[in-house]
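Undergrad: I am attaching a structure below and will ask some questions about it afterwards.
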Amino acid sequence: MLEKYEILKDYKGPFDIKNYDYETLQKLAQEVRDYIINVTSKNGGHVGPSLGVVELTIALLRVFNPPEDVIVWDIGHQGYPWKILTDRKEQFPTLRQYKGISGFLRREESIYDAFGAGHSSTSISAALGFRIGKDLKGEKEDYVIAVIGDGALTAGMAYEALNNAGHIRPDRFIVILNDNEMSISPNVGAISTYLNRIISGHFVQETRQKIKNFLQHFGETPLRIMKLTEEFLKGLISPGVIFEELGFNYIGPIDGHDIKALEDTLNNVKDIKGPVLLHVYTKKGKGYKPAEENPVKWHGVAPYKVESGEIIKKSSPPTWTSVFGKALVELAERDEKIVAITPAMREGSGLVEFAKRFPDRFFDVGIAEQHACTFAAGLAAEGLRPVAAYYSTFLQRAYDQVIHDVALQNLPVTFAIDRAGLVGDDGPTHHGVFDLSYLRCVPNMVVCAPKDEQELRDLLYTGIYSGKPFALRYPRGAAYGVPTEGFKKIEIGTWEELLEGEDCVILAVGYPVYQALRAAEKLYKEGIRVGVVNARFVKPMDEKMLRDLANRYDTFITVEDNTVVGGFGSGVLEFFAREGIMKRVINLGVPDRFIEHGKQDILRNLVGIDAEGIEKAVRDALKGGRLI
C-alpha cells in the first residue's frame, strides 16, 4: 500500500520532517490523509479527529524532539498521524486488528507514546506530572506538550489540571487546544492573526517581562493595573481570558492546517516563561468530504466505501443499543416523567430519536460523567424517572457519585449501561468488564443483565418503575434477533431455569446465556445432560433457586462477560460459603488481566465465554480436568 505514496514510502521517521521543505511537507500531509482513509475504510476507526490534526502533528515533530520532549495526546482519537509519522508506518494497516497496533496510544507499543489513554481529559494532568518529574530530575531543558480537544474541555478533570498548572507555573509546559468544533468562539480574522504573531513574538514577551520587573518596585497596584489592561485589550479580540485567569499565557487562535504558521508560533512560544496555552483551530475530517460534512458521524466509524463514504453494513439483527433506544422512546410516550441523561453519547447510546421526540426531557451534559450521575440523582429526588445512559467503561468515572449521591440516598436512577463486556476493536480502555464487580458491592443497588432483546425491554421497564437504584447492562453489537413486543415487569431477584440437567448446571449472565444453551445442545447430543439458568439478576441473586439447584447438582459453572474478580461467580461462591454449602464452582469470565483489542468473537473465544469455551469447561469439569 505504501508504494503508491511518493514521499511516505521513503519516509524514515521524525528526523526527515525537519529536513523537508514546505512543499514536501504539504505533499506528506496529503499522503498521510490518504493512507488513513484507505486503512480505516477497511478497519474502521476514528477518522474525523485524525484527519484534522495531520499538519499539527507534522509541526510538532518539526519543532520538538520526542521522545526526549514529551507529547501527550488526549484520548488518542487524534493519534493516527502520530503513529504513521513516528515509527508505525509499516504496521498501520493492522490498526485495531487482533495482534495489530492499537486504535489508541499505548506506552507498550512505542517509545513515542509517552502516555496511553482511551478516556478523555487526562492529558493535561499527565503532562503536568511529566513536567514536574523532569524538573525534579534536573531535565529542565526538555519540553512537555499536551494536546487536547475542545470537547475534552467539558470535563472537570481538564480544568483541575489547568488550575494546578496555573498555580505551579512551570516553564516549557505547553497545552495545545485543538478546537475542531470552534466551540470557544474563535476569532480568526486577519487582525487576530497579526496580533497573535505579535503577542507570541520574543520582543513583546521580553518587553512585557521587563515592564513587570520594573513595576514590581512600586508594589502590587501597578502590576494589577497592567494585568487588567492586558486582559481588557485581549478580551476584545481573544477568547482566551479564562486561560489567562487560570495562570496561562494564552496564544491564539491560529490556523491548525498552516504548517508554517504552526511552526513559527511553536518556536515563538517555546521560551515564554510560565505555562502556555496555544489555541489552534482545525477542521474535523479535513481532506475527506463525507467526514467534513458530518463530523459527528465520522468521529468513529465502521469500515466504509472510500468513494461514497457509505458505511459497509452486514445483515444482522438489531443492536442492543437500538433495542434500548426504541424501548425508551415507547416508555417515554406513555410517561412524561421519564427523562434521559447522557455524558456526550447521544448517538452511541441510541438516544437520537429520544432527543428528537422529547427535547425538553433529554440532557446531553457533555463529557461530564460525574455531573451526569448527580444530575440524575437530583431529577430522581424531584420525582422524575431518570434514565442515565453510559458506556460501561465511562461509568467508572462516576463511581463515587453512584455510591454517594444515588445509592446512599436510595434514589431511583436507572443506569442503562451500554458496551458492557468485551467491546472489541477499541480494546482495553473501552472494555466494560468491571461493572458487575464494582456495582454488586454497593448497598441498595439492583444489578441485572438481559439474555436477549425482549428481556432488555422488560428489565428496562422493571428498573424505571422499581423505585430503586437500578443498573441494567448490555453488550455492544448485534443482539440475537428475538422478536419483541410490549413490556412486563420481572420480579427483582428472580432467575429463570431454561434447561434441566443432571451432570452439572451452568449459571449464565447476559450475553453468555444463549452461548450456554448452544453448548448444552451440543453436549445433549452426546448424552451429557447440562442444566442452564438465566441468572439475570446479579444483585440480588435468586437465593431460593440457588438452594434448590444445590440439592440437584454438585458442579456449578458460572459464566459472565465481566472480570472473574469480584463478579457474579464470586457472588455465587460467597453465597455457598455463607450457607455452608460445599459444591464445586468453576468461574468463567474475563481473567485478571487487561484484554487486548480484536473482534468480539475472537476475544470471547480467547477468554472462553462463547459456546465453544463453555462446552470445553463442562467437559473438563466432568472428567475432573483442570481449566486453563
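Note that Cβ sites are derived from N, Cα and C of the backbone, with glycine treated the same way.
Below are the features I grabbed from Swiss-Prot:
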type    : residues                                                              : note
BINDING : His77, Gly118, His119, Ser120, Gly151, Ala152, Asn180, Tyr288, Glu369 : thiamine diphosphate binding site
BINDING : Asp150, Asn180                                                        : Mg(2+) binding site
Undergrad: Whole number in angstrom, please: the longest C-alpha to C-alpha distance across His77, Gly118, His119, Ser120, Gly151, Ala152, Asn180, Tyr288, Glu369 for thiamine diphosphate.
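TA: Roughly 32 Å, rounded to the nearest whole number.
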Undergrad: I'm trying to understand the geometry here, so how far is the Cα atom of His119 (thiamine diphosphate binding site) from the Cα atom of Asp150 (Mg(2+) binding site), in Å to the nearest whole number?
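TA: His119 (thiamine diphosphate binding site) to Asp150 (Mg(2+) binding site), Cα-Cα distance: 14 Å.
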Undergrad: Say we define neighbours as other CB atoms within 10 Å of the CB. Which of the binding-site residues His77, His119 has the fewest?
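TA: Least crowded of the binding-site residues His77, His119, by Cβ count within 10 Å, is His119.
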Undergrad: Return the single residue from the binding-site residues list (Asp150, Glu369) that has the minimum number of other CB atoms within 10 Å.
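TA: Across Asp150, Glu369, these binding-site residues, the one with fewest Cβ atoms within 10 Å is Asp150.
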Undergrad: If we check Cα distances from Asp150 (Mg(2+) binding site), which of the binding-site residues His77, Asn180, Glu369 wins as closest?
TA: Asn180
Undergrad: Using DSSP and three states only, what is Gly151 (thiamine diphosphate binding site)?
TA: helix
